[in-house]
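Structure first, commentary second.
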Amino acid sequence: MAFQSSSLSRSSSVDLRQTSAKIFGSQMISPDIEPTHLRFLGSIKRNPKALRLKATMESPAQESKDNEPKVEEVSDHFRKMRHRFLGFKKDKYLSNLEHYQRLSEVQTPKKSDILQGQFMVIACADSRVCPSSVLGFQPGEAFVIRNVANLVPPHDNGPTETNAALEFAVNTLEVENLLVVGHSCCGGIKALMSLDDDVITSSFIKSWVFVGKPAKLKTKASASNLDLDQQCRHCEKESINRSLLNLLTYPWIEERVKNRMLSIHGGYYDFIDCTFEKWTLDYKGSTLVPNGGCSIKNREFWS
Ligand SMILES: [Zn+2]
């Protein structure tokens with residue numbers, strides 16, 4: 001039985017990896033998992049103490065006291081990460097010590113003295129679209145949540161980490177801008193567009209992207225003559241607008257938008273030609289009825 005359950009679990013993990021690789025692109029998932037795992041096993045063979053670490057569940061911190069095994073022996077990735085962290089500490093943290101000391105006391109994007117903060121960003125989990133890298137947000141400037149396909153579910157869908165983060169950013173941090181950032185070649189949107197709506201699925205990814213179904217239906221209705229890739233480009237933007245409307249289904253968001261204390265923006269990062277499109281929801285012109293329209297203003301195209 002033990003063998004069977006271990007085989008089952010291995011096979012589900014392979015399936016999951018294959019599904020994830022399909023959706024996020026094979027470069028991201030498969031090559032890194034196995035080599036890292038094998039390297040770790042290799043280090044156990046070379047160093048029995050590593051096996052003891054695994055068997056006794058001693059924390060790495062306890063082990064490092066004995067100076068073995070060091071993190072560097074487990075993976076080169078962490079050596080590079082450590083180098084980057086120490087670079088950040090020297091070049092950013094210590095060079096702007098006063099600013100980082102203030103941030104250590106309280107997280108206040110609103111009071112950031114660099115960008116006048118005020119932002120909460122909802123972006124895709126895709127590794128190519130980090131808003132801090134693309135839009136230059138520095139620590140303390142933006143409260144960020146990232147999920148597959150940068151979706152905002154409507155209020156009635158119930159709790160998710162995305163609306164928990166929204167609640168904190170809007171009601172506690174009192175951010176003044178919500179920015180939903182989508183991007184080109186989004187694997188989550190492709191999964192949504194390829195999804196057979198009638199099939200019940202156990203995939204967490206497919207269940208999640210189903211949140212974007214209204215955007216998919218609107219895309220199918222207006223761009224059915226296009227091929228799948230072109231439909232996906234269309235849906236990437238349509239789903240951003242649907243998320244902007246979904247934000248208004250949260251009473252504490254709508255109230256603030258109505259009172260001009262909060263603005264809702266969309267953004268689209270095209271990483272093929274490196275352009276960024278930005279627009280703002282026009283509250284008065286937008287409707288929340290099913291399949292209602294999203295009226296926008298202040299559209300800008302950065303290239
Ligand atoms: Zn994406």
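Each Cβ is built from the backbone N, Cα and C atoms, and glycine gets one as well.
Whatever TrEMBL says is automated annotation, not expert-curated.
Record features, source TrEMBL:
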BINDING   Cys124, Asp126, His183, Cys186  Zn(2+) binding site
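With a cut-off of 8 Å between CB atoms and residues at least 6 apart in sequence, the same chain places Arg146, Asn147, Val148, Ala149, Asn150, Val181, Gly182, His183, Cys186, Gly188 near Cys124 (Zn(2+) binding site), listed in sequence order.
A simple Cβ count within 10 Å picks out one of the binding-site residues Asp126, His183, Cys186 as the most packed, and that one is Cys186. Taking the mean position of the Cβ atoms of Cys124, Asp126, His183, Cys186 as the Zn(2+) site, the remaining residues of that chain whose Cβ falls within 8 Å of it are Ala123, Ala125, Arg128, Val129, Ala149, Asn150, Gly182, Ser184, Cys185, Gly187, Gly188, Ile189, Glu236, Tyr269.
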